[in-house]
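These features come from TrEMBL:
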TRANSMEM  6-27  transmembrane segment
TRANSMEM  39-57  transmembrane segment
TRANSMEM  63-86  transmembrane segment
TRANSMEM  98-120  transmembrane segment
TRANSMEM  126-150  transmembrane segment
TRANSMEM  162-179  transmembrane segment
TRANSMEM  185-206  transmembrane segment
REGION    233-268  region 'Disordered'
COMPBIAS  254-268  compositional bias 'Basic and acidic residues'
């Protein structure tokens, strides 16, 4: 049963890793990142690298973790490469600093400190706790989009298929971790399952709600459940369409998008 849940977990996780493909196809086609941020993909890469390191430290039942996190590392690295090719200069510099500080500095510090200051089973235990803590932070991230749904009474920016598959993913990895008695894998997915159920309940409540005059958002989705909404100021319907602010860019489809700084902050 552990093997079956591991296979199912690999399949569902792989599909979730591929969920940003339409976004990057759009980036490739338009030769522009259009205000999308690199933070979600950097975090996803860090998560995959950290779990991959933990998997190599395990003495048994590590093959399922190695396969999916190896694939995840390659996919997220490819996303970031495409992003760096088409991002504006300021976004490239920000992403480079983020990767150096977070994916190289923090990850390197974890690897080196656990390698030199601990041995054997204790090393795997320490890295397991680090993975569990980071996974809990990742699974808590949907709180922001859930708050957005409640505030706007709109599920436009919380797609049901993504919430559903992230919930299924959490269920698979929970049972896999439980069956192999790896609580560093099982425990964080309890929170992932709970937030997934909560998102689907919110979707059921607000799916038919009438939309008022709401601010527009861009949504970026992370395979592990992280959601980064980028807030844009709502357009004034009384404004002359020919009067276009200096910081507004015209997309190929004719829609106007506010420029988004790559600082990771929500800009109103």
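Each residue's number is its place along the chain shown, starting with 1.
Positions of Cβ are set from backbone N, Cα and C atoms, glycine also.
As the structure is a computational prediction, the values presented were derived from the model and not from experiment.
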Compare 6-27, 39-57, 63-86, 162-179 by their Cβ pairs under 8 Å to the transmembrane segment (185-206) and return the stretch that comes out on top.
162-179
Under an 8 Å Cβ to Cβ limit, what residues of the same chain, 6 or more beyond the ends of the transmembrane segment (98-120), are close to it?
38-39, 42-43, 45-46, 49-50, 53, 80, 126-127, 130
Cβ contacts under 8 Å made by the transmembrane segment (162-179) with residues that lie 6+ beyond its boundaries:
1-2, 5-6, 8-9, 12-13, 15-16, 19, 64, 139, 185-187, 189-190, 192-193, 196-197, 199-200, 203, 221, 224-225
Residues sitting near the transmembrane segment (6-27): Cβ under 8 Å, six or more positions beyond its termini, same chain?
33-34, 36, 41, 44, 63-64, 67-68, 71-72, 75-76, 79, 82-83, 86, 162, 165-166, 168-169, 172-173, 176, 220-221, 223
